[in-house]
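A.B. asks: Here it is, the structure in full.
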Amino acid sequence: MSSPERALLNLLTDIALSFDGAILGLTLAVSAVGSALKYASTNAALKKIKDAPEVSISDLRSLLPASEDKSETNDNRKSNDQRIVVVRGVVKPKISGDEGYKNNNVLISPETGDKALIIQRTQTYVYSGWKRLFQSTGHRFMLERSLRKHGADFTRTVPFVIVGKDQQSNSSFVAVNMDGSRQPLPLTTVYNRLQPINSSFLQAFLYPDYPVGLLDIEKILPPGKDITAVGIYSFNNGVPEIKSCQDLPYFLSEMTKDKMIEDLMEQTNFIFLGSVILGIVSVGILSYAAVRTWNKWKQWNHQRELPQRPNDSVVDDEPEDADEIPDGELCVICVSRRRVPAFIPCGHVVCCRRCASTVERELNPKCPVCLQSIRGSMRVYYS
């Protein structure tokens, strides 16, 4: 780890532990609240998927009223009968117009020539340089490797439908509406190639980071793939349609409904446990910081009120040379003045008046010999 990184780490540590750890406690509390909100949303999604009926493609029309099936709905009109359903089937291109258009309603991968309904291509630059030789063991290097470098990302899609797996004809289907879908797609990687980029010696010498390759990845959704769709089912101009629900983490997936429920239950338990741990730790740290702040405030208030009290003068009225005082009568704290007052209630005479006054000003005054809590002191006179 380099010196600037070490200095930055020390600065962040000092900030987190400042105010008796209150900053760290507040940070953990905010993280706990975020985890609790994440748990609530994940648990709500789990409940929706559990309650969603899993039906076959041919039985979908029975879920909505017949009037909705026959009516021509406007794009701006939202049906009150929309509901979340789970269907499983095979994806096929949507046939529009004559039958001869079927073969042209698919995409062709430019690299492999495979037919596809969705093509997603990602191009990412791979960097190298002499700077990475000195950061190969640091946390900064690990963070940089996890970040995405500049590149290109584009997706092409064609209209497609889901039909029953054992269905002989395409009379029963549900159209897939991809508008507004942000969930991950069940794509298959068909092309993965690292294309080297020639760099000059001057570029490698002057620039700490320079591109050495272009990683080109192509993923497709091939026709005939078995998938599960979970989303909002409705009719669009009399055509059954399913679109994504923004509250759910899945839309098109290779997992079955039972696998989705199992996966969400694991996520829910993990998020719940994490939020509980973060909450307990944050409450403990904030409680510790609050107690420390309260004690400091009491001590400050106690010291502020001391000058207002009618105290005896702490100036020695019996100045003596320390060499003339026997060892058994010297103050155990300063070892330069005679022991005068006795602490109450233990009765020990071990301090001079000045040191005894200092001990009494403490937040929790104790006798320096027996460590018993004291209420004050009184002068002892010897006859």
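Using the three backbone atoms N, Cα and C, a Cβ is placed for every residue, glycine included.
Residues or ranges marked as topological domain 'Cytoplasmic' by Swiss-Prot: 1-14, 291-383. Feature annotation from Swiss-Prot assigns topological domain 'Chloroplast intermembrane' to 36-269. The feature transmembrane segment is assigned by Swiss-Prot to 15-35, 270-290. Under the heading zinc finger, Swiss-Prot lists 331-370.
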A.B. asks: So what's near the transmembrane segment (270-290) in sequence-distant terms, Cβ-Cβ under 8 Å and 6+ beyond its ends?
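C.D. replies: For the transmembrane segment (270-290), the sequence-distant neighbours (Cβ-Cβ under 8 Å, at least 6 residues beyond its ends) are 19-22, 24-26, 28-29, 31-32, 35-36, 38-39, 42.
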A.B. asks: Take the zinc finger (331-370) and count its residues per DSSP category (helix H/G/I, strand E/B, coil), listing them in that order.
C.D. replies: 8 helix, 6 strand, 26 coil
